[in-house]
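Some notes on the structure that comes next.
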């Protein structure tokens, strides 16, 4: 029987000093035999997805105490990728994932916590906490802050839904007036919560449901809706039950590594492919699997992508559909239900809230449930009132979206497309693979050949796009933006958004060893591995080289002979210390913190995790 970890600091004569300090935090004699649960919050006023979390940690804490545990809250950092976008702030985004994982490990291990509730929401926070949970392998429940309501705006007499990406695209479109840009800007992000499309934050929060580490509705229930409060209340009770099952009954099925097994990772990636999730999820799923010592690789993702259809299209792939619409159609449980009907997921795996995923689907999938409470839960609608307050409205739709032929969520028999929403491409340009979000690619450019326009920074590419130097048919290549080369693997949302602004969203391709925002659409191919800074072929591409992209056949090729590539590689290596670096010095400040990340970062095909030699 495993001993409660916390007893290292709460039991024994020699721990009198530690108990004295615990007492100073409010603990009493009766508390020293209870499980100590870490409430891992990420409140910050910098990020709309986290601005409402301040009081939610204490909400969970009070429920933990009611259930017989001792709750101790701490905070970790949260970077807003949208605010950090387009300048050197983006260098810090991906490295913050490792910092978050480390900070959770530091706090939980230093204080010998027994279990934890992770209150996350945005892009790197959920992945960082997920990595920490699998690294620590103590009972854990995830509950996120929830999605933002979609913006609504009236332009030219027509009401349309919009989000952050629409504001970025409009700002760079010369055909849109300054006044209309202001209207869009003021309407795009109306409430607290993670940005309203199937961007990285919402993708990851949805995947926690498929992994079995969060409650149903975690990925789709709006941050503003009163129904979301139930998830926080239940998380507080559930974590105490999980802790007691593990420490008092020796039940290892309560542990993250037992729940998030290889089969669960396959379920999560199957969901991701079916809903056209952000390409960033590939990085984060690979990183989480690494922390959990799960043998899940790019080859597994490639295998799954060839058999899973697209069952749901959400912004940016479908601009008028947002997370509130996914929720009305039954949320993640409904998508998993359709995948289950098609035999595409493993329904026998445990979750934190049920003995099997199949049991959860039978109760929570609105297409099969007999529970009126479940059906009412998925009627939760946006309030339509700008606010930064959680649980502040209780509006409901008149009816559910149960249409599995033409609705927001489709069946495997009537999918948006038979090919999945993500694909792994390989070829001489990316020997270890690269990723494209096929759900966001127009059918007319699934096969694409064009001349390379080579840039050695995101900034240089943006300047060229806005100066009308990029033409239809070009392949924009942005290199030295990988985990080491950036460092930090910047998101390329501005280049892709500006291509759309210039009317080139369906006429150009973009290939990079950097990554893309979940808000990116178009023929945007990222994570080229090995990256340029590690000797990848992308570092050898020259202006005007022909690049051939074939998504149906999963290939990407630089149309240059092996002999020529060998010659270019030899010439590069001859540069010595200057090899595999940008030819011109870039105007970016790389601090000690960023250099430390770059020194140990692996390429994207390994999840951009750190590799520290023994």
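Keep in mind that glycine also has a Cβ here, set from the backbone N, Cα and C atoms.
Bear in mind that the values here come from a model prediction, so they are computed numbers and not experimental data.
The record from Swiss-Prot ties 81, 123, 124 to Mg(2+), and of the options 469, 481, 491 it ties 491 to that site too. Within 10 Å of the Cα of residue 517 (active site, proton acceptor), not one of the binding-site residues from the list 122, 124, 195 places its own Cα.
Of all the binding-site residues given, namely 81, 491, the one with the smallest number of surrounding CB atoms inside 10 A is 81. According to DSSP, residue 491 (Mg(2+) binding site) is assigned to a strand segment.
Residue 123 (Mg(2+) binding site) sits 10 Å from residue 195 ([2Fe-2S] cluster binding site), counting Cα to Cα. When the binding-site residues 81, 124, 491 are compared by Cα distance to residue 195 ([2Fe-2S] cluster binding site), the shortest distance belongs to 81.
The two recorded residues residue 491 (Mg(2+) binding site) and residue 122 ([2Fe-2S] cluster binding site) have their Cα atoms spaced 15 Å from each other. Within the same chain, residues at least six positions away from residue 124 (Mg(2+) binding site) with a Cβ under 8 Å of its Cβ are 78, 79, 81, 93, 94, 96, 97, 100. The most densely surrounded of the recorded positions 122, 123, 195, 517, judged by C-beta neighbours within 10 angstroms, is 123.
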